[in-house]
Each structure stands twice: as C-alpha cells, then as structure tokens.
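A.B. asks: Structure below; questions to follow.
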Amino acid sequence: SRPMFVFHCNASTHCEAESVSGPMYYIPYKSSLIGPEKFWDDNESLVHSWMHANWSHTIWLAILYVAAVHILQRYMASRKAFELKTPMIIWNAALALFSLAGTLRMGEEFVHVLRTRPLIASISYTVDPGQTAALWAVCFAWSKIFELGDTIFVILRKKKLIFLHWYHHAVVLVYVWHSAREVVAGGRWFITMNYFVHSLMYAYYAISAAGFRLPRSLSMTITALQTTQMLIGVAISFIVFYLKLQGNIIQQSFENLYFCFAIYASFAVLFMNFFRKSYLKEDDKLKTQ
C-alpha cells in the first residue's frame, strides 16, 4: 500500500526510501493501528506530498496570526472582558486528551527505538512513514494551527498577553511544518516531549478554568518541564550538528537544524526568564515581607 520506493532495508539498523523530499532514512517499526489510524497506511504518501508542497503557507499564516493578535487586542481595549468558562474547559480538556493520545502513540515507537537501537539512532533516522507514529507526527503539525486558538481566549478574557506566548505559537507553527516537510529524525524527541508536556499543561488549564484551585508547585513543575524541553532541544541540535560534520547519515538538513537551534535557544532563554519572573522573584518578595 506504500507508493514510495524502498530500495534498502535492514531491520536491525534502518531503511532507506525515496520520497518527495528526497532520500528518507527511517527505523522500521510495526505498530498496532487503532480505529481511524487504519486509513493512514493507504494515504501517508499523499499526505506527505501535500505537506511538502504547502508547508510554506504556514509562514503567511504565522504573519496573519501576529497581525490578528494585535488588531484583536486593540479591539478589546475599550470593551468588557468575556468570561468564557465553559468554552475554556472544553477547549483545554480536548487538547489535553489529544496530547495524551499523542504521547501514548508516539511514545510506543519512541520506547521501541530507545530499547532496540543506540541512542544516536533516535536522532539519525526518522519514524516509519507508514506507521502510527508518522500519523501522530502529522496530527502534531496540524495541532499547531488549532493551538493558535489559545490566544483568542487570552485576549477576549483581557488577560495579560506576554511576548513569549504569541512568539512561541507563531514560530513553532512554521518550524514544525518545515520539519514535517523533511520528516526530521529529531522530531521523534521534540514531538513526544511536547505532547507529554501539553497533556499536563492543558489538563492544568482545564481544571483551573473549572474553578479548582491547584497548588502553585504544579504550575512551577509544568513551566520547569517546558524549560527542560527547550534545553534538550538545544542539546540535540548541537549533537546533530556534530554528527553531520562527521559525515553521519542524519534525516535533517542543515537549514532545518539552524532553524531548530535558533528557536530552541530563544525559547530556552524566554522560558527561563519567565520562570524567574513568575516564581523566583515572587519567592524573594514573600521572603522580604
């Protein structure tokens, strides 16, 4: 059912196939298909081809998003804030469940790779394009468009919108689709980590929106996990750069790698600064009172 041409496959190391983006090096893995996932094996090449041809539209979408954010803020400046309690609970609960499903489905392949291959393989060869992990990687890319809706709730409720929020949403959208175009090997790490952190983050938001008061340590933990995710991204970028210079096969272009390092480094700095301002400075204030 797979239309791409596989011209080399060693089950103990990796397979090599020809795709619309050029040679694709991946780790073969046979996973169980659940419900709607069964359509994937017959359509993965078509979806990949479409995303490869249209990924650049996300650049314009990101620009439109940033412009819309500032326009909507001005519009709401002289208007009363919306409550939006029920929509927020539904929105965040849905994203939490989606992220949990993504964690479990990506995690199955991720654990398999870590158990059966050297660690270096997990950032060298991408996921099997015809299997479940590839489908959830595509779902991850599309989710970055839907997650732009987070900002609407912030603005309509007239909550403080920080630079980190809209910068993160805009840049991640473009990078994730650029990575989907290349089927980047390191995406196995980035996507699984992000799914996991978001499953906790959106669950936290949903419970908070329902009116339950959660311990401050929980929000600190989630922010710490987000920051750790960014630092791991920076570390992986350095390792991949070194491996590529050594001539190793890596399913990631230098162009994508530079993009990856730039955004993860900027996110790491911004999240560390956010953590310091949100929690460490508050602790200092409490100690001096």
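Quick reminder: no glycine exception, Cβ is built from N, Cα and C everywhere.
TrEMBL lists 59-77, 163-180, 192-212, 224-244, 256-275 with the feature transmembrane segment.
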A.B. asks: Could you name the stretch, out of 163-180, 192-212, 224-244, 256-275, with the greatest number of CB pairs under 8 A to the transmembrane segment (59-77)?
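C.D. replies: Highest pair count goes to 163-180.
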A.B. asks: Against the transmembrane segment (192-212), which of these stretches has the most C-beta pairs under 8 Å: 163-180, 224-244, 256-275?
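C.D. replies: That would be 224-244.
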A.B. asks: Should anything in the same chain at least six residues away from the transmembrane segment (256-275) have a Cβ under 8 Å from its Cβ atoms, list it; otherwise answer none.
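C.D. replies: 162-164, 167-168, 171-172, 175, 178-179, 182, 184, 186, 220, 223-224, 226-227, 230-231, 233-234, 237-238, 240-241, 244.
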A.B. asks: List, by number or range, the same-chain residues at least 6 past the transmembrane segment (163-180) whose CB is under 8 A from its CB atoms?
C.D. replies: 51, 55, 58-59, 61-63, 65-66, 69, 137-138, 140-141, 144-145, 147-148, 150-151, 154, 187, 190, 256, 259-260, 263, 266-267, 270-271, 274
